[in-house]
Amino acid sequence: MASVRFTVTPTKAEDLPGLSDTSPDISSRSSGRGHVRFGSRESVNRSEPLSEGSGGLTTTGENETPDRTNTDQGDGNAKMSNVYINNSHGVDDDDFYDRNLALFEEEMDTRPKVSSLLNRLANYTNLTQGAREHEEAESIGEKRKAQKSPQMGTFMGVYLPCLQNIFGVILFLRLTWVVGTAGVLQALCIVFICCCCTLLTAISMSAIATNGVVPAGGSYFMISRSLGPEFGGAVGLCFYLGTTFAGAMYILGAIEILLMYIAPWAAIFVSGSPDGEGAAMLNNMRVYGSIFLLLMALLVFVGVKYVNKLASVFLACVIISILSIYTGALVSAFRNGTVPSTFDLSLPSSEATTTLWLQFCEGPDLNASCDYYFNLSNISEIPGIPGLSSGVITENIWSVYLSKGDVLEKGSLPSPRPVHPPTNRLPYVFADITTSFTLLVGIFFPSVTGIMAGSNRSGDLKDAQRSIPIGTIMAILTTSLVYLSSVVLFGACIEGVVLRDKFGDSVKGNLVVGTLSWPSPWVIVIGSFFSTCGAGLQSLTGAPRLLQAIAKDNIIPFLRVFGHGKANGEPTWALLLTALIAELGILIASLDLVAPILSMFFLMCYLFVNLACALQTLLRTPNWRPRFSYYHWTLSFLGMIICLALMFISSWYYAIVAIVIAGMIYKYIEYHGAEKEWGDGIRGLSLSAARYALLRLEEGPPHTKNWRPQLLVLLKLDEDAYVKSPRLLTFASQLKAGKGLTIVGTVITGNYLHSYGEALAAEQTLKHQMDKEKVKGFCQCIVANKAREGISHMIQSSGLGGMRHNTVVMGWPLAWRQSEDPQSWKTFINTVRVTTAAHLALLVPKNISLFPGNSEPCAEGYIDVWWIVHDGGMLMLLPFLLRQHKVWRKCAMRIFTVAQMEDNSIQMKKDLATFLYHLRIEADVEVVEMHNSDISAYTYERTLMMEQRSQMLRQMRLSKSDREKEVDHSNVRRMHTAVKLNEVIVNKSHDARLVLLNMPGPPRNPAGDENYMEFLEVLTEGLERVLLVRGGGSEVITIYS
């Protein structure tokens, strides 16, 4: 049977119909007989026989490049070629395609060339939600639509949205009351703790956001892809509920401003008695809140573009309001700060009484019966806004916590203690709730939330990995400065009794912070009203999209319906559910009761962000390489503790409810949810757990992000039971750095019944050597009749459950040419075949005795990687792991790849640099061009020495034409690859500390085993330290977070 080889080389993958990112193979259009491989070659069997003299048959399509013709035997025998060496007049130059990589030609189908891999990665763009790399089932057959390149920078894309979401209703309605009640010192403490919580969370979030490509979708995707579907779903729903209740809180704040400070006459429910005023106000909040919620939901439903257009207006309102506060504080130092009283405070004369008298007495007469508390008190008028220069901060520095129903009074003046407390039927100002430090923490914390606004827009950012950390942290520092300075200004400018007056009854019903503002209180009132409306709209816009993202991930089956929406993708059903949940918050009707609820959900979300960062840092996952370097696991751990403490400080029962809800969601996803695998940190942790983790790990192979070398180190003992190559253990310890699984094994030839004692002694020797080299792991000794059988059994049976090896490390057979027993190198080749069959990676250090010890750190030098065929990414990952150890830390990394005649070397270099940037690996890149050249006489000489060693002298005297008849062309081509590659490698890497090189697979025909060893010798000749690497067939490194 003859075969036809042809290659399709489109400029873009999209040019070929039916070609998707996940499947490089497409069917040929030639009636199903052919099979076309993108970037590789495949034999095509045809039923028509070819005559021997028919020559090479080349089929060329519209976009196809002709390739040389070979004949596959099918039984593993050497290939026959009709391309004659040095035939310059009958064969085109393209017929020498891949001649420089002939050593790897049998594996091109499963292990594509580097140029092919980079070509597919070159057109990478920011993916939409889900990062479809590991969700092929959802993307097969889909055509990627052309997307507009994101252009938003740090200031507009992250900083301003975070400012708008952080500044909110609490600043205008409750911060003065918090300062008056807690005092300046404790208020500063509250603000500082809350701001520290968000700052530490932002640092952790920045590390997660910069660990790989940030997909559009924001914080939920960062948490779920870092902690897995169970934690991701639980935290995602907590974040959703927090955002939804935040919308309810903003609406309640807007209604409070409307009914108390803008249009009190608009109240629907009016109480006839003072006792019912509170209930009437709550009913008004419920009615108006429901109306506002309906209107806002309709606006969001009609189109989110209108919300985005209004966002800048609302942000301007916030900034103008804050500036008016600072201006008013400065102006207060130079003006009379007395606020006009509602009553005439002049004392009654002997003839007449005042309006104030009538408020507390039963008649206008001087002898009328008056309130007992009124009779015992003196009437005095004090400035409500004494100003910066008044020194009132000395009185406001300490806390004044009140119980519900207590009268607000100036603490520095003597106060009567009447038998009967004042009644609310008289115009006293009372505390409406019992206050404490913990309560104030829960009420204030929502004013520092909103730090996720920038990460939620990650898909719109020009450089998300740079913008998210800078913009978020700068926004937090800005808002923290504003809050801390506002606490000091309020305490220094406003009288303490007025600060504790939550609703401004003592200042003619004005907003307390409005009395400080300049030029008019209406600046604050109008600005705060519109800013709270805008924040409510933003919450109602963001929450449904978050729920839709969770539903589309399909990790919670009963939420699947909320993943659907309008034709343009607007989440209709999710918006409806969000409005219903927000209505529950509206029905609570009290801002002070809703604020702690959303505090719980946000704190839960922030807690798990810190947990994700701390966990990944402590595990040292190979995929954990954030570009944001100003983080540490202790900061994440501290942020996690602060979040947990704030949850129980502000409301312990709400905290327990939130934890129970998150736990129930976690268990539901674990047992009933759709199975997802995102390479999360929890799965990495489970590798070191006990029975439960082992059973979990057996559910499937580990994810690419969790892949690390789990080593099986094969050692050989000499006649005295000493380890022949102890440096293999040293190399293993440097590669592992104490992490992951290491199994050290050896094989003793003999009968187990008679060699049991010898096996125990060998095991003790291995343990002693492992302790000496500080290798943490397990040792295993197998007794077998033949060494190759024992090694095969060890490779098959080592490990338990998920704790199995995925990489085999063994030494190079020394002096195999001079060895009288050929079994040494035959055992080596058999081990290579066994590891390939088991889909395990293989590492073969050559000249292992020259490798540095643990106490011999390398001076500055290079670790050179020669990336010839894509083997799952092992060549990229190993230098990164080695450089974590102190021995290799000072070595820089260089990556060389080989360009063929038809490759664009300049584009390959750009693509490789882009690929390394996404991998977060720093390395110098160089593309080496290997032009097609005639096979040299030296190549023939090496081939002759290899094939007919016993007749070497006679063969060297043969003429050139005789050589061509004698030498097997396939061996010549392979030797040509080895010679050419060795020449280039020695030229470029002669001074490298370590050279990593793709290890070609052994021949299918065992008759060529000795030739295979000779090829490897020629390939690595003249290099001091070489690590031959052969991947296991699976991807071990990824650009995704």
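Cβ atoms are placed via backbone N, Cα and C, with glycine included.
Taken from TrEMBL as is:
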type	residues	note
COMPBIAS	1-10	compositional bias 'Polar residues'
DOMAIN	726-843	domain 'SLC12A transporter C-terminal'
DOMAIN	859-1041	domain 'SLC12A transporter C-terminal'
REGION	1-78	region 'Disordered'
TRANSMEM	153-173	transmembrane segment
TRANSMEM	185-214	transmembrane segment
TRANSMEM	234-267	transmembrane segment
TRANSMEM	287-306	transmembrane segment
TRANSMEM	313-334	transmembrane segment
TRANSMEM	428-452	transmembrane segment
TRANSMEM	473-499	transmembrane segment
TRANSMEM	519-537	transmembrane segment
TRANSMEM	573-591	transmembrane segment
TRANSMEM	597-618	transmembrane segment
TRANSMEM	630-647	transmembrane segment
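Of the candidate ranges 153-173, 185-214, 313-334, 473-499, 519-537, 519-537 has the most C-beta pairs within less than 8 angstroms of the transmembrane segment (287-306). Between the transmembrane segment (630-647) and the stretches 185-214, 313-334, 428-452, 473-499, Cβ pairs under 8 Å are most numerous for 185-214. The average pLDDT the prediction assigns to the domain 'SLC12A transporter C-terminal' (859-1041) is 74. Counting only same-chain residues 6+ beyond the ends of the transmembrane segment (234-267), those with a CB under 8 A from a CB of the stretch are 168-170, 172-173, 219-220, 223-224, 227, 280-281, 284-285, 288-289, 292-293, 296, 446, 449, 452, 503-504, 509-511, 514, 525-526, 528-529, 532-533, 535-536, 539-540, 542-543, 546-547, 549-550, 556, 578, 581-586, 588-591, 594-595, 597-598, 600-602, 604-605, 608, 658, 661-663, 665-666, 669. Touching of the transmembrane segment (428-452) and the transmembrane segment (473-499) is concluded from the presence of at least three CB pairs under 8 A, sequence neighbours closer than 6 excluded. Most Cβ pairs within less than 8 Å of the transmembrane segment (185-214), among stretches 153-173, 313-334, 597-618, belong to 597-618. Simply put, out of 153-173, 313-334, 597-618, 153-173 has the most Cβ pairs sitting under 8 Å from the transmembrane segment (473-499). Using the rule of three or more Cβ pairs under 8 Å, pairs at least 6 apart in sequence, the transmembrane segment (519-537) is not in contact with the transmembrane segment (597-618).
Same-chain residues lying 6 or more positions outside the transmembrane segment (597-618) and placing a CB less than 8 Å from one of its CB atoms are 197-198, 200-201, 203-205, 207-208, 211, 219, 222-223, 226-227, 231, 234-235, 238-239, 241-242, 245-246, 249, 442, 445-446, 449, 452, 585, 588, 624, 631-633, 636-637, 639-640, 643-644, 646-647, 650-651, 654-655, 657-659, 662, 681-682, 684-685. Listed as Cβ neighbours of the transmembrane segment (153-173) (distance under 8 Å, sequence separation of 6 or more from its ends, same chain) are residues 249-250, 253-254, 256-257, 311, 314-315, 318, 321-322, 443-444, 446-451, 453-454, 457, 460-462, 466-468, 470-472, 474-476, 478-479, 482-483, 486, 511, 513, 524, 527-528, 531-532, 534-535, 538, 591, 595.
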